[in-house]
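Participant: Just lifted these from TrEMBL, have a look:
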DOMAIN    B:105-294  domain 'ABC transmembrane type-1'
TRANSMEM  B:43-64  transmembrane segment
TRANSMEM  B:107-134  transmembrane segment
TRANSMEM  B:154-180  transmembrane segment
TRANSMEM  B:226-252  transmembrane segment
TRANSMEM  B:272-294  transmembrane segment
Amino acid sequence: MAVSNTNAERRRAPLSSWVKQTFLTLGSVAVTMLGLLFVTFIIGRVMPIDPVLAIVGERASQSTYDAVYQQLGLDKPLLVQFLYYLWDVCRGDFGMSLLNARPVAEDIARVFPATMELATIGVFIGIVLGVPLGVVAAVNRGSWIDQIARVVALVGYSMPIFWLGLMGLLVFYGVLGWVGGPGRLDIFYEDIVPARTGMILLDSALAGEWSVFRNAFSHIVLPASLLGYYSLAYISRMTRSFMLEQLTAEYVTTARVKGLSERAVIWRHAFKNIRVQLITVIALSYANLLEGSVLTEIIFSWPGIGSYITTALLSADMNAVLGGTVVVGLIFICLNILSDLLYRVFDPRSK
Amino acid sequence: MSNITSHDQSWRAWLMTDAPTSRRHARLANLYQGWLTLRGNSMAMFGLGILLALLLIALFAPLLSPHDPFTQSLSNRLQPLGSEGHLLGTDSLGRDILSRLIYGSRITLYIVALVALIAPVAGLLVGTVAGYAGGWTDTILMRITDIFLAFPRLVLALAFVAALGAGIENAVLAISLTAWPPYARIARAETLTIRSADYISAIRLQGAGALRIITKHIWPLCISSLIVRVTLDMAGIILAAAGLGFLGLGAQPPSPEWGAMISEGRRFILDHWWVATVPGLAIFTVSLAFNLLGDGLRDVLDPKDGSQ
C-alpha cells in the first residue's frame, strides 16, 4: 500500500505541472480569442453601415425601425452587446448574410473546404520541394545551388501573388492551354459528383468519377502551385538556416570523424534535429496559406473563404465579413497552438 | 573637434579612427564603417540603387513622364508596347502607361513612408514601455500585441478598410494597424536586455525619470534593429498596399496606383497582356530592392542573426 502511494505521488508531481502548463496555455488562448472577437466586434460597430436600415429598408416607419433596433439589442450598453455577440459566436451563430439572407455560418461551412483543399495541396508542394532545397542549399553553402535557392526565395518574397497568378493564367491557360481556367471545374462537369467533403478532388475520387477528377485537377494545379511556391520560399529559407546551425555543431564533426557517410550525417543526424523546428514553420506557413489565399482566390475565381470575405466586403455585407474574419482568425490561432503542442510532444528537451 | 580639422588629416583617417574624440565622432565613424561593409555587398548596393532611382523618378515625375497620367484618349486605347509615343503602351482608356507608372511611384513611396513612420514608432512605444515597466503593464500590453499578431494580416486589413472606408489613407492606417506588433516584440526584447544594465542604474541614481530613460537611453539602442526590420518589412508593406489597391480598397481610380493598375488591366489580360504586366514588374522591382537592401543592412547593423 505504502509503496503504491508514493508511486502515485511521484507520478502526480509532473502530472500536475503538466496540467498547470496546459491550463496556462488554454488561458492565454482564451484571452487571445476573446481579444480577436472584441476587435471584430468593435470593427462591426464603427462600420459606416446602419445594420437596422440594412434589414428594414429605407421606407420603414419609425416604429418598425425602433422595434428592430431593440430586437438587435442596439439600445443596450456596448458591453452587454458584446456579451450577446460572444454568446452568438459560441453557438456558431454569425448572423444572417444580407446578400442572400442565409446564415453566415452555413455559407462559411460551404466555402471553407475549397480554401482548405487549395491550401493543403499548396503547403504539400511547399514541403516536398522546399525542405530538400533548403537542406541541399545549406550543405552546399555558397555553391550555385545555394544561390539558386536564395534567388527562388527572394523572388517569392518580392512578387505580388495576384500578379504572378495573372501571369500564370496568361501563360499556362491563355497561351499554352495546359491547365484549366479560373473556377474549380469546367461548367460541363459541374454538379456531377455529390458534395461529401466539399473538396472536389476528394469527392470525385470517392465517387469514382475520374473525368471530373482530371478536370478538377487541371483547375487546381495552377493556383496550388502558386501557393506552393510562396510556402516553398519560406520553408526552404528556414530549413536552410536551421540546417546551417546544426551542421556547425560538434556532434556533426564527431559523426564525420566516426566515418559515417555524408548522407547519414546529413539526414540521420542533422536533419533529425531540425524536424521539430520544421513542424512549427510548416504549421505557420499552412496558416499563412489559409489566409494568404485571399488574393489567389480572387484571381482564380476560386469559391473559397477569401473570395467570400472580399465579395461580402464589396457589397457591405457586414455579418459575412466579420464571420469570415473570425473563422479565419480562430483557425490561425488554433494552428499556432497546434504547432506549439507538437513542438512539446516531439522535442525531448521540453519533457 | 577644431583641433582635429586643423591637423592635416584626411576625412577618411578621421572616420577610420579607433579612438574617437567625441560622441559625434564615434557615431560618424561607426556609420562610415557600416557604410563600408554595406558597400561591399553588391546585392544590397543594387537594391539601394533601385530605391534611389525610384526616389528621383518620384521627385521629377512631371519632367520625366512623356504624357499626363490622367489624360484619356479613347481613339488611342490599348496600344501595344513600343508604339509611337507610348513606350509601354496605353491602357483601356488610352492613358500612357509609362506616365502612370512614373506618377504611381509617388503613391508607392507615400504609402511606404507613412507606414514606416507609424508602425515602428507605435511598436517602439508599446514595446519599450512594456519592457521597462514590467509587471501588469507588460502583461497587458503584450497580450494586446499577441492578439494583433494572432490575426491574419491581410484579412485584418480588409476588415479595417471595410470599417473605415476605401481610400489610400485608410489603407495606410489598416496596414499600420497590422504591422506594429512585431516591432513591439523586438523593442521589448531589446529593452529587457538593456533595462538591467549598469549604466541605466547609474542614470537612475542620478535622478533620471522613466520618461527620460526610455526616450534618451533605451530608444537609441532599439533603433538599429528596428531599421533592419522596417527595411525587410517594406516589401511586405508594398505588396499589402498593392493587394488592397488591386481589390479596389486602396487608392481609388483614376489614381495611378500600381495595384489598381493591375486590377484595371486584368480584364484584358488574355488579349492585351502588357496593361497588367508592366505595373506588376514595377511592384516586383521595388519590393525586391527593399529585400536586397534589408538583407545587407541586417548584416551591417545586426550581425548576430545575419544571413550566415
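Glycine is treated like the rest: Cβ placed from N, Cα and C.
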Participant: Hey, does the transmembrane segment (B:43-64) touch the transmembrane segment (B:272-294), meaning at least 3 C-beta pairs closer than 8 angstroms, sequence gap 6 or more?
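Facilitator: Per Cβ check, the transmembrane segment (B:272-294) touches the transmembrane segment (B:43-64).
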Participant: For the transmembrane segment (B:226-252), give me same-chain residues lying six or more residues beyond its boundaries with a C-beta closer than 8 angstroms to one of its C-beta atoms, as numbers and ranges.
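Facilitator: Counting only partners 6 or more residues beyond its ends, the transmembrane segment (B:226-252) has Cβ contacts under 8 Å with 107-108, 111-112, 115-116, 119-120, 123-124, 153-154, 157-158, 161-162, 166-168, 171-172, 174-175, 178-179, 182-183, 186-187, 258-260, 262-263, 283, 286-288, 290-291, 293-295, 297-298, 301-302.
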Participant: Which residues of the same chain, at least 6 past either end of the transmembrane segment (B:107-134), have a Cβ under 8 Å from a Cβ in it?
Facilitator: 54-55, 58, 141-142, 144-145, 168, 171-173, 175-176, 179-192, 195, 210, 213-214, 218-219, 222, 226, 229-230, 233-234, 237-238, 241, 251, 255-258, 283, 286
Participant: For the transmembrane segment (B:154-180), could you work out the same-chain residues 6 or more beyond its ends whose Cβ comes under 8 Å from its Cβ atoms?
Facilitator: 107, 110-111, 114-115, 118-120, 122-123, 126, 148, 233, 236-237, 240-241, 243-245, 247-252, 255, 257
